[in-house]
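According to TrEMBL, the features are:
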type	residues	note
BINDING	A:C33, A:C58, A:C119	[4Fe-4S] cluster binding site
DOMAIN	A:39-420	domain 'Nitrogenase/oxidoreductase component 1'
Amino acid sequence: MTVLPAATSVEIKSMGCDDSAVLRERGQREVFCGLAPIVWLHRKIQDAFFLVVGSRTCAHLIQSAAGVMIFAEPRFATAIIEERDLAGRADANAELDRIVTRLLERRPDIRMLFLVGSCPSEVIKLDLDLAADRLMRTVGTGVRIVHFSGSGLETTFSQGEDACLTALVPHLPAAEAGAGRSLLVVGSLAEVVEGQLQRLLEGLGIERVRFFPPRNSDDLPPVGPDTVILLAHPFLATTARALESRGATRVSAPFPLGAEGTTLWLKAAADAFGVAPERFEAVTAPAAARAKMALERYREELSGKTIFFFPDSQIEIPLARFLSRELGMTLAEVGTPYLNRQLIAPELALLPSGTRLSEGQDLERQLDRCRADHPDLVVCGLGLANPFEAEGIATKWSIELLFTPIQGYDQAGDLAELFARPLVRRSRLVELAPCN
Amino acid sequence: MQLTLWTYEGPSHIGAIRVAAAMTGVHFVLHAPQGDSYADLLFTMIERGQKRPPVTYTSFQGRELASNTSELFKTAARDAIERYKPQALLVGSSCTAELIQDDTGGLARAMNLPIPVVPVELSAFMRKENWGANETFYQLVRALAGPNVPAPGTPRPPRAPGQRPRCNLLGATSLGFRHRDDVTEITRLLDRIGIDVNVAAPLGASPADLARLGDADFNVVLYPEVASAAAEWLKRSFGQPAVTTVPLGIGATIDFIKEVAALAGIDPAPALATLPSRLPWYSRSVDSNYLTGKRVFVFGDATHAVGAARVAVKELGFTVVGLGTYSREQARDVREAAKLYGVEALITDDYLEVEAKVAEAQPDLVLGTQMERHVAKRLGVPCAVISAPVHVQDFPARYAPQLGFEGANVLFDTWIHPLMMGLEEHLLTMFRHDFEFHEEAAPSHLGRGAAQAAERPADPVAVAAAPAVAPDTSGSTSAPATGDIVPVWTADAEKELLKVPFFVRGKARRNTERFARERGLAQITVEALYDAKANVGR
């Protein structure tokens, strides 16, 4: 059969950003806190319940972020701290015990309870680690109670998932010695994506593949010195460190977005497991070709267009790499809330050199830069999107990128379509004045 | 602590933002941790605002708690003034900032800013959204109209000859349920009876507009949840009386016109000679006959709940079987209204409790908030939204007031729409086994939507959460409930019960069981079912 050129040999001339050009800013930030990922995590781990210990603001945030979904049977709630809880910590702990007891009585199907810290619980120094241990002993028979912080003080949006998974790492069983090497894919992925990646990895001959987090809390994957971890998302730095501290080895790779990203990601796994290049080609080439074909449809729409990323979830850099290399978009600025040099290095090496990167945010100044750039498309949160549209600037709202299956070969076209859609829509609404 | 799955109101600082975002020329510097800017999307997405709300968040993070968060606040305030050049600056703290106790008001005052600074204390751990809006509006009014307050005892100057009476319209905000169109509707109504609007606030008003609130002859409080404190202060300071009847429905609008006319010193008779609303005729027309006695459960903020109950009973001929509110501040008004309809008011912000009460009352229609829409969907009961909190679909593009005469038209259409239409209701009662039109199907005028589930048992969570519900003996003169005897349905009776149309079947089941309990029957037979029917009526 024809062997397609290996994706690792792609042209990398004029590519590569080191981090010297990163603009670091602090100031007003228009981002979610780490509580927001509860909106997808509670669906991912199906027997888990997320109890936020916080204020009415926290409850309101999750409710607003979850939109209509809150009307289904939600597996999350907020223990709202009230004036009387602020009097003393002991009292707050007793209240927490009462609420958890009530909750577990009411929901006997829950096998894992996350106590999620918030800004208020952290400022009053409510020790939820201690509370989790105590509750496991007192009320939680058969229920694993785990604490992590999703507060805005400590976490930005997707870092909430990082904190959640990090807290779970100590609960993972130890891998049996001599069981052989296994691959652990880390990060919440859509079911359809998980299935596709599993098939590809198995096709490569990597037999022992597990995903973390699992769909059920009693199915926690084992970890140990024979575990190879591959991150599915760039925002999982502390989870990776925690897994490494249990002996696992992380394999560095770009993230599985687009045809190229997916190939490089799979290649990293293949290399770690000594998969022969021929086999790698045979397994991945048809899917990669299919992905490229799907992308072709959107290339015409997106090629040459300028895009500006506001910081949101840390997936901005991999997305920018995908959009510039596979769809020919021009990068104005790529903002990220947090830039982990180690994890993102393979991505930076693929960005056009000289790309303006920014870490953190000073909202008003970034808005000024954005307007001065006149980008064709702005990736930003819902607080900014409509105001930009009203100014005549096309936007792609960023949360959708966390709520849509976008990883892997067979989602590459869908991912491109997410960026093409706002532009197509604008070109369709010909009879409308720009704004009214 | 309070276990909350869903909150009817946001925190108090959301109320403050609603007031700031409603106005022009006001900027709000909110001391808050990173992440609290989620609030912006309520305004940009739910209300589809074209501008960011005028809020600068200090967005402090953990590492900044160790250093100087007050410096961060001062920088944010300075930058906001320089960039936005507002006429007045509102400053306050969200819940977390309240805990770290930076005195935002004191800090801002010490900065000697060139514009009026209005600090607002939001008591985040005690108060909620509507209180926050009320307090913020009051503080703004006091700060901006305060300098124009006449000396105590100064008589109000007489109106210039030929000048029409003027009033202020108080209470409309951003994110208010239909506030946009209510203001338009009431402004038109007032104009029709010869009264001008001096200032409508906070929605659309600037600080300069607030400064001239005292020029009006009286105030119209459209939404007491937001404007009661400001109206009270204006009454004390400028001697302006306030109209407190909220013109929701025909009867209330007539009362409103009479009250307004009395304050303006004009004759209401010409305005009342013709009522430009179709509700009265639509409701009297024979097509509406089948609406008589439909059992309705009403829940929402106090203003809309009380108003809706009056319309339901006196203008549509429904029966109110439940009335409640999450507005504890106005609980007394709701209790008084509930007495009128012979029900006990439900004052709670626990949605599970509301759900349990709806399940217990088995209404034919629920009038409530976005949350009751969910409850009703679960229980398979038709529902219409009458009050915030609401989602994006209740900020419609079309003109859709709730108040005044056009508002009454909107209410008629909105509330009737979810009900099964008359002919279909009759046919379902007669022929139950149609393959297409059957009780599991949605009313056919709603399309082939979700299946109804009229008799689905209430969700176990809700039932567990509900306070133990005593057997319902309200209004009955029966012997004390015999307690432990749970009457058992015979197979024949159970089958016969299925012949009762689904929308009244739940009630029939309840009435029959109560009848059996009261008479100490161990078994419910077909006879008992019909005995109960004869005793209780439909």
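We number each residue from 1, going along the chain as drawn.
Even glycines carry a Cβ here, placed using N, Cα and C.
TrEMBL entries are annotated by machine, without manual review.
The average pLDDT the prediction assigns to the domain 'Nitrogenase/oxidoreductase component 1' (A:39-420) is 94. Secondary structure at A:C58 ([4Fe-4S] cluster binding site), as computed by DSSP, is helix. A strand conformation is recorded for A:C33 ([4Fe-4S] cluster binding site) in the three-state DSSP classification. Listed in sequence order, A:L61, A:S118, A:C119, A:G150, A:S151, A:G152, A:T155, A:T156, A:F157, A:G160 are the same-chain residues at least 6 apart in sequence whose CB falls under 8 Å from the CB of A:C33 ([4Fe-4S] cluster binding site). Of all Cβ atoms in the protein chains displayed, 33 besides its own lie within 10 Å of the Cβ of A:C58 ([4Fe-4S] cluster binding site).
There are 34 other CB atoms within 10 A of the CB of A:C119 ([4Fe-4S] cluster binding site), with all protein chains counted.
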